[in-house]
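What Swiss-Prot annotates here:
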TRANSMEM  33-53  transmembrane segment
TRANSMEM  77-98  transmembrane segment
BINDING   HIS83, HIS182  heme b b562 binding site
BINDING   HIS97, HIS196  heme b b566 binding site
TRANSMEM  113-133  transmembrane segment
TRANSMEM  178-198  transmembrane segment
BINDING   HIS201  ubiquinone binding site
TRANSMEM  226-246  transmembrane segment
TRANSMEM  288-308  transmembrane segment
TRANSMEM  320-340  transmembrane segment
TRANSMEM  347-367  transmembrane segment
Amino acid sequence: MTNIRKSHPLLKILNHSFVDLPAPSNISSWWNFGSLLGMCLIIQILTGLFLAMHYTSDTMTAFSSVTHICRDVNYGWLIRYVHANGASLFFICLFIHAGRGIYYGSYLYSETWNIGVVLLFITMATAFVGYVLPWGQMSFWGATVITNLLSAIPYVGSTLVEWIWGGFSVDKATLTRFFAFHFILPFIIAALAMVHLLFLHETGSNNPLGLISDSDKIPFHPYYTIKDLLGMLLTILLLTGLVLFSPDLLGDPDNYTPANPLNTPPHIKPEWYFLFAYAILRSIPNKLGGVVALVMSILILAIMPLLHTSKHRSLMFRPISQCLFWILVADMLTLTWIGGQPVEDPFITIGQVASILYFLLILVLMPIAGLIENHLIKL
């Protein structure tokens, strides 16, 4: 008799995706972050669901409803902080996952890669609208400043901003629709993640060598299921430590003050995971130019397959490109730091240099390094 997992229409899909899937025998721990992202998404949807049961999306009661969750709901403080810090963990995993894709040339699976870029955009949108919901000072002013950037779009800008706000300022209508978006978007992310996996399983996983591994495959279960479970266990340990010992480490103290349209905080800044893009936005004096640079800082990932010039797929055997990759990582960390600093010298200059270097590395230096390395192979 055929095993039910191989014959049942639903189980068959799961079997081909997680049990009998042929996987390269040499994929390292950098390949764990896909499953960790799946875990983060499930944690966020579950904690978010329980938070939504007690939250009210009204400007008069939103802040006090979050206080009520933390003080009066059974383990409400835990659910709230797991959700808030889970978002940070989500982005850490996202950045590492995308970084691994760049390092090992996984972007050459262009369908999988481009869906990943779309997923990154939607996740950033979800996190942004979610940050507005507690209706603290930074929530309100963050929403005002970031949505206002759309007014830089020629002709339709100001109309578009008022349309998103649902009025002439960030108010009740804005909060209600942001809550609606924040509730629906994670399910769209989950659906797209399935499409992401579908395209990945069309080609099979890449591996650290960047070589075709058809001759040396092992079944996903039990080898990689155990490996993924270990990764999940360690990640949950990290999240638990953060939530129980310093839950406000990555948050902004200003968000413990209720939103006040008449009082602007001295430094308006988004959550830490947007700071690199925010620094690029601020480094350009022109408003429209800044918005274009902000969008391009993420959209640039979509053209990475077109910028690949090397004969090698992975950076494992390409020392010059390796150096440039780690300079790019350092540059992103520098931008993240600058995004959280006030707009004054020397931070302005450092931000401008780091922004130019960011685009220069991806668009010019890495493709040139690939060509140089091709030439060196022939010697």
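Cβ coordinates are placed from backbone N, Cα and C, and glycine is handled just like the others.
Note that the structure is predicted; figures quoted are calculated from it, not measured.
Known features from Swiss-Prot, placed on the structure.
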residue: HIS83; record: heme b b562 binding site; Cβ within 10 Å: 21
residue: HIS97; record: heme b b566 binding site; Cβ within 10 Å: 20
residue: HIS182; record: heme b b562 binding site; Cβ within 10 Å: 22
residue: HIS196; record: heme b b566 binding site; Cβ within 10 Å: 21
residue: HIS201; record: ubiquinone binding site; Cβ within 10 Å: 14
Selected stretch (most C-beta pairs under 8 A with the transmembrane segment (113-133)) from 33-53, 226-246, 288-308, 320-340, 347-367: 288-308
Interface check, the transmembrane segment (226-246) with the transmembrane segment (77-98), three or more C-beta pairs under 8 A: yes
Stretch-level contact, the transmembrane segment (347-367) and the transmembrane segment (288-308), CB cutoff 8 A, at least 3 pairs: yes
Result, the transmembrane segment (33-53) in contact with the transmembrane segment (77-98) (3+ CB pairs under 8 Å): yes
Residues of the parent chain within Cβ reach of the transmembrane segment (320-340), under 8 Å, 6 or more residues beyond its termini: 95, 99, 102-103, 269-270, 272, 274-280, 282, 310, 347, 350-351, 354-355, 357-358, 361-362, 365-366, 369-370, 372-373
HIS201 (ubiquinone binding site) versus HIS182 (heme b b562 binding site) - Cα distance in angstrom: 29
Distance, HIS83 (heme b b562 binding site) to HIS196 (heme b b566 binding site) (CA atoms, angstrom): 24
C-alpha spacing of HIS97 (heme b b566 binding site) relative to HIS83 (heme b b562 binding site), in angstrom: 20
Rounded Cα-Cα span from the residue listed as 'ubiquinone binding site' to HIS97 (heme b b566 binding site), Å: 17
